[in-house]
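Notes follow once the structure below has been shown.
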Amino acid sequence: MVCAIYGVLLFLNQQTGLMIEASASWLFVFPVLIYTAMSGPKSGAIVGIAMALMTFLLGGFTTWFYSWTSLITGYVYGLGLFYQWRNMTNFLICLVFSVLSNVCTVVVWSYLFGYDLVSEFESFRAIIPFIDMGVFIILFVAFLSLLQALCIHLVSLMICIRMHLPYRPLTPISQQKSSKVVGIVSLFIWGIFFLSQNVIECSKGVLDIIMLIWLFDCALLLYYGVIYFMYHSIKRNNRQFSFLAIFLAFVPGINLLWMLMGELDCLFQLRKKV
């Protein structure tokens with residue numbers, strides 16, 4: 001049955017001009033994921049091999065790459081559901097495989113078809129002139145991988161709920177803990193970033209690495225800021241502000257307040273004092 005569903009996905013992908021693999025290749029993950037979660041590693045491996053052979057017979061070169069990486073991701077994630085691994089472990093597995101898949105896609109495609117990645121992203125320079133294009137490409141791949149991993153993780157949990165499969169429920173917002181170590185390290189990163197931009201002369205490569213680390217730190221503080229504001233909206237039973245706590249985190253300027261509160265929550269454990 002799951003092989004038939006996978007075959008339908010391959011057929012629709014071919015009939016729509018490879019639209020599925022170009023826009024949502026992570027959909028190939030779910031047939032083998034569900035079967036592995038239900039039947040275990042041996043049966044899941046057999047079905048995964050069958051799906052890989054179907055791809056070889058019915059798909060083209062690009063389809064082989066996208067679907068085979070998705071099959072590996074789905075199989076390993078299905079093992080996590082079958083053995084009841086922690087949600088964070090399953091999510092990190094998805095994230096690692098998504099990063100490897102997207103990096104391979106970018107590198108392999110650029111070598112095979114001979115296009116320059118920097119020139120492809122050159123149109124963004126007018127919007128973000130302060131970020132080097134190499135750094136931007138890394139951020140683009142990381143953000144794309146994060147969204148893909150989130151989609152796989154959340155849709156998988158939704159399928160488990162609908163199909164009454166055993167799974168570990170998500171940790172409530174009220175139990176999401178901030179780390180004082182993150183707050184201290186963030187202060188150090190922000191200090192190094194400020195010095196590298198205004199005081200210390202560094203080579204371009206070092207500046208790019210520092211900026212990359214700083215941007216990832218900003219994203220982490222933004223996450224803790226969202227958790228902080230959502231925690232207070234839940235405590236006050238205000239559903240409308242729960243939406244705003246997420247939406248406003250993406251608004252330039254306002255998200256600085258979110259990062260600040262995330263930093264303060266990490267340093268002083270503000271939620272524990274409520």
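Keep in mind that glycine also has a Cβ here, set from the backbone N, Cα and C atoms.
Per TrEMBL, the features are:
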type	residues	note
TRANSMEM	18-36	transmembrane segment
TRANSMEM	43-59	transmembrane segment
TRANSMEM	65-83	transmembrane segment
TRANSMEM	90-113	transmembrane segment
TRANSMEM	133-160	transmembrane segment
TRANSMEM	181-200	transmembrane segment
TRANSMEM	206-229	transmembrane segment
TRANSMEM	241-261	transmembrane segment
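Listed by sequence, the residues of this chain that lie at least six past the ends of the transmembrane segment (43-59) yet keep a Cβ under 8 A from its Cβ atoms are 2-3, 6-7, 10-11, 13-14, 31-32, 35-37, 67-68, 71-72, 74-75, 78-79, 82. Sequence-distant residue pairs (6 or more apart) of the transmembrane segment (18-36) and the transmembrane segment (133-160) include at least 3 whose Cβ atoms are under 8 Å, placing the two stretches in contact.
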